[in-house]
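Copied over from TrEMBL, here are the features:
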TRANSMEM  15-36  transmembrane segment
TRANSMEM  48-66  transmembrane segment
BINDING   E106, D135  UDP-alpha-D-glucose binding site
COILED    182-209  coiled coil
BINDING   K278, D302  Mn(2+) binding site
Amino acid sequence: MQPLFETRECRKGRVAYSLFAGTIMAAICAIWLYRIQELMSGQGGRSWACIGMFMAELWFSFYWIISQPVRFKVCRHSTFKERLLTREDKLPGVDIFVCTADPVMEPPIMVINTVLSAMSFNYPPDKLSVYLSDDGGSQFTFYALLEASNFSKHCLPFCNKFIVDQPRNPEAYFAQVINGNADHLSQELLDIKKKYEDMKNRIESAITKGSISKEIRDEHDGFSEWNDQVTKQNHQSIVQIIIDGRGTNAAEKEGCDQLPTLVYMAREKRPGWPHNFKAGAMNSLIRVSSEIDNGSIILNLDCDMFANNADSIQEALCFFMHEKSGHEIAFVQHPQIFYNTTPNDLYSNNMHVIVQVEFAGTGSYDAAMYCGTNCFHRRESLSGRKYLKDYRWNSDIEAKKKAGKTSQELEEASKVLANCSYEKDTQWGTQMGLIYGFAVEDVVTGLTIQCRGWKSVFYNPKRAAFLGMAPTT
Ligand SMILES: O=c1ccn([C@@H]2O[C@H](COP(=O)(O)OP(=O)(O)O[C@H]3O[C@H](CO)[C@@H](O)[C@H](O)[C@H]3O)[C@@H](O)[C@H]2O)c(=O)[nH]1
Ligand SMILES: [Mn+2]
């Protein structure tokens, strides 16, 4: 079978870099010689200040030397997603996790733009589920997600019909298209834009008013979860399956295409129980999604990172489904690229050298770092499984648990999994799921997965797979 991806070593600039690296190495050797001579001569070189300087220089030398193999072996992957068509019957279920924590700092309208971009991936909707974890436990975020689910019935068919290579985040798409030539705007585009703007106004006016009207609350039972006692830090688990993607769903009944499953989750929060920030949210999502869909691939997106390429799932699968080495790969990390950087990227948000040299270089050794958002994971390795030589991926493992259960039954069963006490005396946060106790839970989790024998890929496609919003001050 033809391979699903290929890897090329980048040799551009190698000679210039070798010259540069040579001069640094010569300077390092000269410093060592100088320090050793000073130490031997018994003069000022033995003072604590000089010894301290020497230690710092040795540390730099060590860092510099071990970083050279990475910088001298920068590779780039390309994928052949058309070849996946021959393996289509085996496409795995994909669960997308979007995390948000605060409805003020992360406005619900931005969050649902990310959710909509994730729902509109070019992937069979019955194999795709999008989960929103709301650590803010906010009814406004829930309301915005309900609005997004209604809007998706119009927006997804529109995307499939008209949007080829633009972002499928409505806000970014309209900004890009409308800024172009307004004369060519079709009626469909104007209609969908109007629907989007009406939705945005409804959400923003509810937030400004600080309450959700009775008519809206009556439209969905889910609002009954919010009462006067519910605060951000003190509330029960809330799981609401807003769109149940099984079989014929509401959209199809209304004559639209089938939609992916859409779930809202706010894990339980109680004073005195550690919530472990994003790592805690992710672990609850792993469990809740395993009850509902159990897709064998998980994609995590921060709420300010939207999908910019509808084919990114297929591209990532080219690594996981690669016949020769796919079963060894635990995760495929994409870089964080920002669309709103200042001219010349003054604050270096896009971290060009780190992304294009260091991340790509570590990726060449099958050891890409896990950097939180924009990462596709194999569910098994993220959940704590060790890699064993005879491991082969069985994409049929998606349990058919949900078959025969109603949405309400699934919701009730999953709420328990998002309770504070669920993790007590378990290996969650130490051996299973994302690792707790670190500010950079992603990096530590990635290293833990690699220590269990798995490999990882850094994939930086020409067209950015995800785009985010960067701080510009
Ligand atoms: O209690 C929390 C705190 C944060 N988040 C979410 O986690 C994401 C990342 O948090 P943020 O404060 O924006 O951190 P950043 O420094 O911007 O994020 C980078 O660094 C983090 C820690 O290394 C990674 O988890 C992220 O994916 C990566 O983008 C956001 O979507 C938040 O909504 C939660 O869900 N619950
Ligand atoms: Mn962030």
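Placement of Cβ uses the backbone N, Cα and C atoms for every residue, glycine included.
Of the recorded residues, E106 (UDP-alpha-D-glucose binding site) and K278 (Mn(2+) binding site) place their C-alpha atoms 14 Å from one another. Taking a Cβ distance under 6 Å to any atom of ligand 2 as the criterion, the binding-site residues E106, D135, K278 reduce to none. Counting only the Cα atoms, the space from K278 (Mn(2+) binding site) to D135 (UDP-alpha-D-glucose binding site) is about 9 angstrom. Its Cβ taken as reference, K278 (Mn(2+) binding site) is surrounded by 19 other Cβ atoms within 10 Å in the chains shown. Sequence-distant contacts of D135 (UDP-alpha-D-glucose binding site), defined by Cβ-Cβ distance under 8 angstroms and a gap of at least six in the same chain, are C99, T100, A101, D102, K232, A266, R267, K269, H275, A281. Averaged across the coiled coil (182-209), pLDDT in this predicted model comes to 90. The Cβ of D302 (Mn(2+) binding site) lies under 8 Å from the Cβ of V98, C99, G372, T373, G468, each on the same chain and at least six residues away in sequence.
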